[in-house]
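Chemist: Here it is, the structure in full.
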Amino acid sequence: MKNIIALSSVPLVMTLGNSMLIPVLPMMEKKLSVTSFQVSLIITVYSVVAIICIPIAGYLSDRFGRKKILLPCLLIAGLGGAVAAFASTYMKNPYAMILAGRVLQGIGSAGAAPIVMPFIGDLFKGDDEKVSAGLGDIETANTSGKVLSPILGALLASWYWFVPFWFIPFFCLISFLLVLFLVAKPEEDEDAPAVSEFIKSVKKIFKQDGRWLYTVFIIGCVIMFLLFGVLFYLSDTLENKYAIDGVAKGGLLAIPLLFLSTSSFIAGKKIGKDKGRMKFCVVTGMILLTLSFIALWWNHSFYFLFVFLSFGGIGIGMALPALDALITEGIESEQCGTISSFYNSMRFIGVALGPPVFAALMSNANWIIFILSAFCSIVSLFLVLFTVDAKKSEEEKNLGTV
């Protein structure tokens, strides 16, 4: 249990370190005297750097061990937060140094949160029930961070606008100490394969399992694209249409995320080792997400907005731990970190694309947003139905192959 608590702190801290800045961006724009595009780069550079570095960190964790990569990366993420905090507090023109700090934070986060998923698979190797339950806890921590971040960010910024930056190194240090002292080192093979052999094995995985792996990657990207796009839309709508801002806006943003977090926790506990349940959770989740966007196209008034987005949150919460489990249960641990890193990179691409795409669509008509979102959801649904074979996993497990 202590392993799970410590590892759950990593995605929680990484999510807080990024998402809690979102409600503070309008204030930063004024304080830094920059354009809206420039202030958006504070979020974008973090995601772009992480996208590039995640596969590298995944490979290194497969080669040298999860904990050996995770701990230094937590320190790098904390250092990045400290650079941004120091610059915003003491420098006259801190914008460039804030971006530099965010680059460092992105590098650190690339080797932190994405490594946790294969780490869980290593720690509970051979116990599929514990693996799926652990992944559910990890996704719950991740989504809990999203629930808390708009509220916490608004609260901290109400003191001084730069205070959220100071909490990033503080959170990272706590997570570092938890992982250092509470997480056991998983058993590792004595001899790591040569680089050429490792690359061959990864290519073999994509050749053999690429059909369902590509689907998992695409759906992970789509879900995060829709999630962060919708959060951007909801934040903008609450402030500009309903004149709700500050902590009140943060609390309202947290409502659909709370449903997401709860369903993620329950799904992670119920999935177990059954690939059929994993597929069922993804399919059901994408159906709920599709229906919620169709309903929003029909009516997106204030109350219906939260009702239907909460149903969509339940769908996303069901799908995420199942997607994680499909990878950790379907890929051997020697390559799991690398494969998981590709998956997490796709998720970060979704995070980076969501807000700007939704912002562009919002300049036209809201119904376009909901039609596009429903279309993306239904395409993902059909991909799962026709490319993920639930029966195949039992046969593979009996044969002892990937």
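Cβ coordinates come from backbone N, Cα and C, glycine included.
Sharing the record's features from Swiss-Prot:
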TRANSMEM  4-24  transmembrane segment
TRANSMEM  39-59  transmembrane segment
TRANSMEM  69-89  transmembrane segment
TRANSMEM  104-124  transmembrane segment
TRANSMEM  162-182  transmembrane segment
TRANSMEM  212-232  transmembrane segment
TRANSMEM  247-267  transmembrane segment
TRANSMEM  278-298  transmembrane segment
TRANSMEM  302-322  transmembrane segment
TRANSMEM  342-362  transmembrane segment
TRANSMEM  368-388  transmembrane segment
Chemist: Do the transmembrane segment (278-298) and the transmembrane segment (39-59) share at least 3 Cβ pairs closer than 8 Å, excluding pairs fewer than 6 residues apart in sequence?
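Modeler: Per Cβ check, the transmembrane segment (278-298) does not touch the transmembrane segment (39-59).
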Chemist: Taking residues 6+ outside the transmembrane segment (368-388), which of them lie with a CB under 8 Å of any CB in it?
Modeler: 211-212, 214-216, 218-219, 222-223, 225-226, 229-230, 233, 279, 282-283, 286-287, 289-290, 293-294, 296-297, 300, 326, 358, 361-362
Chemist: Between 4-24, 69-89, 162-182, 212-232, 342-362, who has the most Cβ pairs under 8 Å to the transmembrane segment (39-59)?
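Modeler: Comparing 4-24, 69-89, 162-182, 212-232, 342-362: 342-362 has the most Cβ pairs near the transmembrane segment (39-59).
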Chemist: Which stretch from 69-89, 104-124, 162-182, 212-232, 302-322 shares the most C-beta pairs under 8 Å with the transmembrane segment (247-267)?
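Modeler: Against the transmembrane segment (247-267), the leading stretch is 302-322.
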Chemist: Six or more residues beyond either end and a Cβ under 8 Å away: which residues meet both conditions relative to the transmembrane segment (162-182)?
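Modeler: Tertiary neighbours of the transmembrane segment (162-182) are 2-3, 5-7, 9-10, 12-13, 16-17, 20-21, 24, 67, 70-71, 74-75, 77-82, 84-85, 88-89, 98, 101, 105, 108, 112, 152-153, 156.
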Chemist: Would you kindly list the residues that approach the transmembrane segment (4-24) from elsewhere in its chain, counting only those six or more residues past its ends and only Cβ-Cβ distances under 8 Å?
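Modeler: Distant Cβ neighbours of the transmembrane segment (4-24) are 42-43, 46-47, 70, 74, 77, 81, 105, 109, 112-113, 116, 119-120, 134, 137-142, 144-146, 148-150, 152-154, 156-157, 161, 164, 167-168, 171-172, 174-175, 178-179, 181-183, 231-232, 235, 249-250, 253.
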Chemist: Which sequence positions outside the transmembrane segment (104-124), separated from its termini by at least 6 residues, show Cβ-Cβ distances below 8 Å to it?
Modeler: 3-4, 7, 10-11, 13-15, 17-18, 45-50, 52-54, 56-58, 60-62, 66-67, 69-70, 72-81, 83-84, 130-131, 134-135, 138, 142, 168, 172, 175, 183-184, 186-187, 324, 327-329, 333, 336-337, 340-341, 344-345
